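Okay, structure first, notes after.
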Amino acid sequence: MVVPLKRIDKIRWEIPKFDKRMRVPGRVYADEVLLEKMKNDRTLEQATNVAMLPGIYKYSIVMPDGHQGYGFPIGGVAAFDVKEGVISPGGIGYDINCLAPGTRVLTEHGYWLKIEEMPEKFKLQRLRVYNIEEGHNDFSKVVFVAEREVGSEEKAIRIVTESGKVIEGSEDHPVLTPEGYVYLRNVKEGDYILVYPFEGVPYEEKKGVILDESAFEGEDPQVVKFLRERNLIPLQWKDPKVGILARILGFALANGYISENDNLTFHGKEEVLREVRKDLEELGIEAIVAEEDKLKVTSREFAFLLEKLGMAHDSIPEWIIEGPLWIKRNFLAGLFGANGSIVEFKGDVPLPITLTHSRELLNDVSRILEGFKVRAKIKMGKNGSYQLVIEDEDSIRNFLGRINYEYDPEKKARGLIAYAYLKFKELMKGNLMTFEEFARDRGYEGGFVAEKVIEVKSVKPEYDKFYDIGVYHSAHNFIANGIVVHNCGVRLIRTNLTEKEVRPRIKQLVDTLFKNVPSGVGSQGRIKLHWTQIDDVLVDGAKWAVDNGYGWERDLERLEEGGRMEGADPEAVSQRAKQRGAPQLGSLGSGNHFLEVQVVDKIFDPEVAKAYGLFEGQVVVMVHTGSRGLGHQVASDYLRIMERAIRKYRIPWPDRELVSVPFQSEEGQRYFSAMKAAANFAWANRQMITHWVRESFQEVFKQDPEGDLGMDIVYDVAHNIGKVEEHEVDGKRVKVIVHRKGATRAFPPGHEAVPRLYRDVGQPVLIPGSMGTASYILAGTEGAMKETFGSTCHGAGRVLSRKAATRQYRGDRIRQELLNRGIYVRAASMRVVAEEAPGAYKNVDNVVKVVSEAGIAKLVARMRPIGVAKG
């Protein structure tokens, strides 16, 4: 989607209501550098989709640190009417569930790739998906390939089906069953799951050029220009378009012709030509249905291209014969889709599959089929025509499982179910059902088949990473090993110490923090609560922590919402979420979560800084962590619930990730209660970490944190949260549910929600930078209330994925570079240091400058790091 932008001023941009589904415009806060980064992913498209949701007020907003998220952009803000609007987990914060490395993913061209190969080599490749609503397989481009660390105590689930298909992934990864999606952990032996029976072929890489401009010497220059504009020349072996061209050429040799005036026409059934047209459109070629059984290509240039690729000959072109197996497979599937016979059975025995054409071409086809272990004979018919015949059962099975048909939906679906049946025959002894019985009992539209699960195991992963793929298609699934698969915050603690006092002991201090505050992937807290004991934490948040000795009573005055959202309901949180959260309470986690010892090195507003208790040269500590696995599980649980409910409420669904329900619905209110519980867990978590930070300072400096070191909390802000607030819209006060995803509340002076000790100057806003760069403290403003529902940015925002960062940076080198700059880093692994390299993030100075110039937050102070502890 190309999203138009209208410049308002130097740092404000508007996404106009260019799509009739948009209820409001989009508003983007960014300079030109930051905006260009947003254009490189789906940030602006996601903001456009948010603008389509019911009950939205004013704008769909993107902060300068905005980047692509799940459903909503990270750095996105949207306010919905509490009566007419919606609530969406994707607008508050959500991650992904994943599959094991080595999992094979099926592409549109019929070859498999390992899921971990996708990010580097095949990000432009389209994948096969199951279009649930229309009941057939389809193709989709990839939105993202994501990865995450496997937790130290995390288990994976491995399931095996009766035909030997295996899938292994995180416990929360969904697979498709006849009744809908089910988490891997909930699959039981004897259950049925949906599989895509096609086996396909391995990928073979071939380098070089198939066709370049020299092939068109003497032709009209417009032909070359047309083809170059559509990236159809030069045509290289590695180009994903080659597979499409191979199957179109196969179809054209049987059911296409080029007229004397260079018009290209395909003929066939309407549903077949519809599929051909989709492939043509993917190449940028327009085609129109001239009659019920004819599809005409409007460009003579494409006809010239097919001629050069071999359509004018009565034999298979050399480039197909010389090509890798997957290219041959696409050519043959297009050819048999056009003119091959549909597979039929007599009881449990398959009848021969035939193809009628010239003897020369059939001889070529027979030779190519041998590479797929398919034996064929060529026979002469009564009328002098020639027929290729595949008649032995092994060859029929290999043809259906490795080649099959393209373009003809009926042939393809029946061929897939037939292949599954022939595999089923091998496994069954006696009492064998006929093919037609099997198709009725196990077959689904599109050629999908229900297979019984014969083994389910919980296993300890022998690998470090899980992977997942996001696709653009609304089906939001992909074929993996033949199976269809489918609140955070920041706290700032001040001290009375100066850099001069801390610098000599910075290594000892950071090492002590690292020792006392559990961190790392799957890290567990120092206290041991059973999952049945955390309901009080979910209700009382930071108050529970203080009541249990983790902090001081006055801490609660300095936390957003007092560290406790009213209305949290532990009953709305699943047992699984509690089981994930309980052992992690009081731990930092990994990735971009951190403890950072900082020095206030610049004061922009002395009056406000004084109110916040800050001075130049002062040492402060910043804590960034959230609700850990509990918060993720809450979002995951309710996404599934809402996906089932959304059709009931007839809510627009512009993006599969952007699931939502009416805020006042039963599902909406229950999710809001669960989200509050997750937020309370996060506040309790940061409160416990604060207690251990104070203990660490006491251990190193031998001084009392309260009486000597003055280690008060400056403030604690949430940046993945939904809140019911009152705001002014078009001169009227309205109640809204504000979604802040990777965005921070920024209330102005005088607002009743701002703590009394800061009410004269405005709410503190904490903006962490990336590792090794500055962080900022700002103050909320009236400008934020007027423009952004009292919201501003939350940090620097990534520009490189974690995988890309590890390819570009080495953790040990980054750590040494930071040490050379006077920043000591202690991390659970050097990989995390590489993932969090400063270059993996946007320039936080630019981000803060934009919000300051926009007047949606006011600069107060800048802090630079001198010590970092990371999980």
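Placement of Cβ uses the backbone N, Cα and C atoms for every residue, glycine included.
Over in Swiss-Prot, the protein carries these features:
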- His794: active site, GMP-histidine intermediate (ACT_SITE)
- Asp95, Cys488, His593: Mn(2+) 1 binding site (BINDING)
- Cys488, His624, His719: Mn(2+) 2 binding site (BINDING)
- 592-596, 719-720, 768-771, Ser775, 794-797, Lys870: GMP binding site (BINDING)
- 248-374: domain 'DOD-type homing endonuclease' (DOMAIN)
How many helix, strand and coil residues does the domain 'DOD-type homing endonuclease' (248-374) contain under DSSP?
67 helix, 26 strand, 34 coil
Among all the protein chains here, how many other CB atoms are within 10 A of the CB of His593 (Mn(2+) 1 binding site)?
21
At the level of the C-alpha atoms, what whole-angstrom distance separates His794 (active site, GMP-histidine intermediate) and Ser770 (GMP binding site)?
12
Please compute the mean pLDDT of the model over the domain 'DOD-type homing endonuclease' (248-374).
93
Using a 10 Å cut-off on Cβ-Cβ distances across all protein chains shown, tell me which of the binding-site residues (Asn720, Ser770) has the largest neighbour count.
Asn720
Packing count at His624 (Mn(2+) 2 binding site) (other Cβ atoms within 10 Å of its Cβ):
24
Spatially closest candidate among His593, Leu595, Ser770, the listed binding-site residues, to His719 (Mn(2+) 2 binding site) (Cα to Cα):
His593
In the three-state scheme derived from DSSP, which category covers His593 (Mn(2+) 1 binding site)?
coil
How many whole Å apart are the CA atoms of His624 (Mn(2+) 2 binding site) and His593 (Mn(2+) 1 binding site)?
5
Taking the Cβ of Leu595 (GMP binding site) as centre, how many other Cβ atoms lie within 10 Å?
27
Cα distance (Å, whole number) from Ser770 (GMP binding site) to His593 (Mn(2+) 1 binding site)
10
